[in-house]
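Asks: First the structure, then my questions, so here it is.
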Amino acid sequence: MIILLIRKEKYIFNNYFKRKNYSFSIIFLLTILGYTKVECSFQSQKSSNFALQKQCDKPCFNNGTCVNGSCVCPYGWSGAQCDYCHGRISISNSQKGFIFDGPNNYHSSMKCTWIINYPKINKSTPVPPLRLHIETFDTECSWDYVYIYDGDGVYGKQLAALSGSLSTVDYVAPSGSALIYFTSDVAFNMAGFNITYDYDSCPNNCSYHGKCIKSQCICDKGFHGDYCEIAYCDIDMNGSRGPCLNEGICKNGKCDCGKKYHGEYCQNEITDLVIDKLNYKGYFEGRASHTAVTVNDNIWIYGGTYLSGVNNQDIVVYDIKNNEFSVPIIEGKIPDNRYDHSMVVYKNKLYIFGGVLNKKVITNELWSFDLITKEFVLLNQHNDSYSSLPLAVAGHTAHIIGDEMYIFFGYNPYEEFIHQTQIYSFTNGKWRRSEVNPNIEGRYGHSSVLLNFPDKKNIVLVYGGYNAPIDDSYSYLISNQLLEFDPSDNSWIELDRSQGPVYKHSSIFLHDTLIIVGGNAHNESSLKKESQCLSKKIFSYDIRCNEWFPLSINLDRENILNTEMYGHVAVKHKDDMYIIGGFNGQMLPQILKFTPPICEKIKDINECTNIKSGIKCIFEKGKCKKKRNDVTYSKNFMDIIKFEGDDRRLDNCIRNEPLNKCHLYKNCKFCNNRKDCSWCSSSKKCLKKNENCFNVMKRDINDEVKCSGVDLLDIRYCGLAKSCYSCKQLSHCSWMMIETTQTCLTHQEEEILLKKQRQRQIDRLALSSDFSRTVHSHNSRVMSVSHLLNSLPSLALTPSNQTCPIPCAMRTSCSSCLNSQCMWCPMTQRCVDTDTYMISFPYGQCKGWVTAVNFQVCQSDTFDCRVQKSPEECQLSGPHCGWCDNGSGTGLGQCIPGNLSGPQNPSECKSENWYYIGGPQCQCNGHSKCISTSTISKKNLALSSFLQGSCGECNNQTAGDHCERCASGYFGDARNGGSCQQCECNGQADKCNHKTGSCYCTTKGVTGDRCDRCEPKYYGDPKNNKPCYYDLAVDFIFTFKLDNEESKDKYVTQINFFSVPYKKDTDVQFTVVCDGLSGAEVSLNLTSTENDGEIKTKQLMLKNKCDNKGIRRTYSAAEPGFAFGTDANTTFLVKVDNFKTPIKIQISFAQSPPINWVLFFVIFAACFIVLLVVAGLLWMIKLRFQDWRENQRRYDEIEQMSSRPFASVKLEINGTKNTTTPISIEPSANYKTGIFSCVVRLPTGSTNYTPHGTSGIAVASSVCFLTPAQLALLQTPESGESIIFILQQSINVKYKYI
């Protein structure tokens, strides 16, 4: 029986689960073999996921039932085949299984929740921890998330926020329950995920260093931790190997590695950079986007963002010597939690600036923390002004240079990505901004390091970051730039770019090497495989060689996973690098230690000089030593001659030539500030002083005063400003609205744009009747352009362009946010720019966002449980709400915060009325009661929504299966006891939108929410019971296509027309054709005004049937009662009604006079004669022109012949008698001539060989006549002989040249 089941499932798996990888199928088969008791219990088991029914064309997955050819899905699933998760699913009857998003790629806007509980037999049964194992995971990075919580709701501890492509990993819910929530957006749909759960196993199989007993790991000797993942040397292990690798032995609680290896466990050779995950003492809560500085032997850590449900420890201290965390006792006021801030240490004080306060507000607060008194002091209060310094920033970096703090880049709500440096003086407490650099773009989430060399002081290197777009594509990108900043003149240059753009990474400077670890590499504009959420690369840059190189590091799988993260921080202590915290789906409470190789233990000279792993070694006097920048090393005589004094050999550089940094300066002033550089005015480039400028007239500029005129032309490009406020900072730029796009333009571009706008208005006025009246009023036939420009309204900038709008980040309500084309996050109540969503919520803080496309969501804020009005709406708003029924049996209730076990406030709802999954048996919204006689248990109801009972007759003008909407002719919100009121349509409609009350007008041309006005080109007053008529011009055919799919035409049953015949004594032809599925009726009346002013009406048709054959009538002007013309004031009124859409109505009124055939033929004959005469004249002119051209050509030929040579000379050329054989013959199309190519010998100049550097032979070609013998050889052979012919030719040619 089991074998048959496996075969059947395998067949179905191969056909419908192709997108899941093969490892998933292995898990699936193991699930069936190992858990036969559970295979029929719940939808998480695939053996019951396929209810193949003959009535359905395709199978119904996930316990779906085929009813009348369609799949009816259980609660928690949707789709044509029940193949997409939807809503909430409770799992409490299985100790092992798995959950997944569906058999195919997930679709847009999904919200799915799974709650896993231990299947208790009785209340006294202890609940073991729950193990969750990620088998496969692939979602859109930074947009689609899977959230995991410990417990049966979101009010417990959050374990993870997973996004992107992830490796297998385990999570443990100690409470024995877990809530898993999945949400997707509207963009990319990926493969999804498979997560197994198990109560009977231990995480990671206890790391293979222990035994799993009752879901608890009993670790072997030398290992501890929740799953025996931490190895250590016990006291009684001295002298034994213990957990030490290679040649290491335990000694005093640590591994003694000897001379060849190093690391916590002696895992790497001494020539390798080693990464250790430290097993520290004390408690450290995982965090990201925090800051850290080294003070003596301590690392001070402040701030950061956490996952929900944890106790924030904003400030902690790590003791490097004792490998221990501690929390200092703070005196006085403590600042609010923040992340993406900066922190520096200056004179025993920590200075904390900027960041995001309370996960919402970007601040410009500046705090100081005294390391001695342990007190915080607020130096700069937060303010929302865009003009005062300092600017509020997040994602920036800071360094101490002299007595000043430099703030580099960052994101500001007003100016967006800041490109200028903000500088704070510790001496006077004042702020200032650096000069505007024309070439540097602002960025967020970069890293920076401060360098100090004997020849260079206070140089700052900046790498990576999330950049503003550098062109008009509005595509934000991740940078791979390496910038160098010199504070002496505030100059920037760009060094070599790397191959790995990242942001929210960390970097540190170790022994002339810049090491970059981790980061987020996801770029929305690039291919998915090339841009991952978690960067797997470690970059390194040699500052002495000015080149990128691969870092020599031996990483095992565990260390790779440890470095795949972002939002961490790196600090340096002595020769080591420490990486603290970070995010990889969970907040990592880890410390990684990077230890470079040990030069003193290396004996081989080649190994010593070739090391480039965070340290540089030099072999001197028979010993390997660490290379120091403040020491000058001796050189042997051969090195001096070979390398000409270049120290690059000592640095083991890969680049052949040193980097010419003069070429990197784009500014004359910055160029001349360098002692080895000078500015060339002709090429506008910075050159070395020993390079030529290649222009005698324009000498090198070495004077700073002369540079001032040159640099005036070097201004910042306006297009780099991406916000109104940053544009206003540039004096030569203006912020303009072009159609629907806002952009920053130069004043010259603005002037051109305004001129074009004026010209367009002139052209429009020239074509309008208003223009004609203007011309007439000035008594002139032609109006001058200058006069017209003066008469036009002023085209100066509108107030919206003069004053910058409020930025997205400063808007505090959903409606104002969406009105400004921003994104609103209901959960955090935060408004962000659409292009900065990824940097605003880098850790999945927003579980769902709203844009202008779904503006109506603002009215039912998904974060506010109490606004939701139905159980389904309540549960789809997010995993934080549940439905409380009032017990009346009518479905009335309230959505309140809670979890599966009950509401967050138990006093708000009784347990028997609580519905976290499903809803009451009859949800009648308070307008009826349940009439179903079947009783459904609450458990079954939660799993089978289609088994709910039926509501009786709906009262209070409501309708629907659950009385959830207003009846026809009424509108309002009937849900949860709401009221309905009658539609108000001025007699022009019987129905209206049951939510908004917008009327469905039945007459074409009538519009408005209350059908109270006419559309353009229609005339009437429906508010006063005067229908709208369409004006039919005479002698035109009008076609009206009414489509039932369009909301404005769907309910139309009538259309009215009127036409005024303007020709006197001319008959009127009336035609109407009605092409539709249903017939139509046509009524036609004629109204006219007599001389005495009396209006008479004559009925010409009354409800005549109209179909695709049409109706045609002619009304003669000679008959009495049909007086046409402008003086008669006669009007035809047409009504077409009693039809249903779709229909096409073609209608026309025509007044065509009879044709005068005599006049027609006379005119035709005259035109024909004129055409013949003109053709004859043109023919004569053509002949004369041809004769002239022929004579002119003859004269030219005679003149050319008279200029030919007329003398000759005799030459005697001695040559050999050898027959010349051509190397190729290219016959012409007629095979009479051909191009012969021969190899000829060139003159040698009376020597044996041609001069050095010139060729001795050449190929010469000439046109020759083909002989019959040659012609025979060149004839195209038959297809069967082609190969033989080619072989013979090649043999002959080879023979001739041997």
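Yeah, the Cβs are placed from backbone N, Cα and C, and that goes for glycine too.
I grabbed these lines from TrEMBL:
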DISULFID  Cys56-Cys66  disulfide bond
DISULFID  Cys73-Cys82  disulfide bond
DISULFID  Cys85-Cys112  disulfide bond
DISULFID  Cys202-Cys212  disulfide bond
DISULFID  Cys219-Cys228  disulfide bond
DISULFID  Cys1014-Cys1028  disulfide bond
DOMAIN    52-83  domain 'EGF-like'
DOMAIN    85-200  domain 'CUB'
DOMAIN    198-229  domain 'EGF-like'
DOMAIN    983-1030  domain 'Laminin EGF-like'
TRANSMEM  21-38  transmembrane segment
TRANSMEM  1157-1181  transmembrane segment
Asks: So what's the average pLDDT for the domain 'EGF-like' (198-229)?
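Replies: When the pLDDT values over the domain 'EGF-like' (198-229) are averaged, the result is 85.
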Asks: Can you grab the distance from Cys56 (disulfide bond) over to Cys85 (disulfide bond)? Cα atoms, rounded to a whole Å.
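Replies: Here the two Cα atoms lie 20 Å apart.
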Asks: In which DSSP state, out of helix, strand and coil, do we find Cys1014 (disulfide bond)?
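Replies: Going by the DSSP assignment, Cys1014 (disulfide bond) falls within a strand, counted as strand.
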Asks: Could you state the whole-number distance in Å separating the C-alpha atoms of Cys73 (disulfide bond) and Cys66 (disulfide bond)?
Replies: 9
Asks: Quick one: Cα separation, Cys1014 (disulfide bond) versus Cys112 (disulfide bond), in Å?
Replies: 47
Asks: List every residue in the same chain as Cys1028 (disulfide bond), at least 6 positions away in sequence, whose Cβ is under 8 Å from its Cβ.
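Replies: Cys1028 (disulfide bond) has long-range Cβ partners Thr1003, Lys1004, Gly1005, Val1006, Cys1014, Glu1015, Tyr1018, Tyr1019, Gly1020, Pro1022, Asn1056.
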Asks: Could you round the CA separation between Cys66 (disulfide bond) and Cys202 (disulfide bond) to a whole angstrom and send it over?
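Replies: For Cys66 (disulfide bond) versus Cys202 (disulfide bond), the Cα atoms are 40 Å apart.
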Asks: Per 10 Å Cβ neighbour count, which of the disulfide-bonded residues Cys56, Cys66, Cys82, Cys1014 ranks highest?
Replies: Cys82
Asks: Check the Cα-Cα distances from Cys219 (disulfide bond) to the disulfide-bonded residues Cys82, Cys85, Cys112 and tell me which is shortest.
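Replies: When the Cα distances are compared, Cys112 comes out closest.
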Asks: Express the distance between the Cα positions of Cys85 (disulfide bond) and Cys228 (disulfide bond) as a whole number of Å.
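Replies: Just about 36 Å between their Cα atoms.
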Asks: Cα-Cα separation of Cys212 (disulfide bond) and Cys228 (disulfide bond), in Å?
Replies: 10
Asks: Compare the Cα of Cys112 (disulfide bond) against each of the disulfide-bonded residues Cys82, Cys202, Cys228 and report the nearest.
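Replies: Closest by Cα: Cys82.
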Asks: What whole-number Å value do you get for the CA-CA distance of Cys228 (disulfide bond) and Cys202 (disulfide bond)?
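Replies: Pair distance, Cα basis, whole Å: 10 Å.
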Asks: Give me the DSSP three-state residue breakdown of the domain 'CUB' (85-200), ordered helix, strand, coil.
Replies: 0 helix, 56 strand, 60 coil
Asks: List the residues of the same chain that sit at least 6 positions away from Cys202 (disulfide bond) in sequence and have their Cβ under 8 Å from its Cβ, in sequence order, or write 'none'.
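Replies: Correct list: Arg131, Gly210, Cys212, Ser215, Gln216, Cys217, Tyr227.
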Asks: Please report the three-state DSSP label of Cys228 (disulfide bond).
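Replies: For Cys228 (disulfide bond) - judged by DSSP and reduced to three states - the answer is coil.
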Asks: Helix, strand or coil by DSSP: which one applies to Cys73 (disulfide bond)?
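Replies: DSSP call for Cys73 (disulfide bond): coil, neither helix nor strand.
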Asks: Near the Cβ of Cys219 (disulfide bond), how many other Cβ atoms are there if near means within 10 Å?
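Replies: If we count other Cβ atoms within 10 Å of Cys219 (disulfide bond), we arrive at 19.
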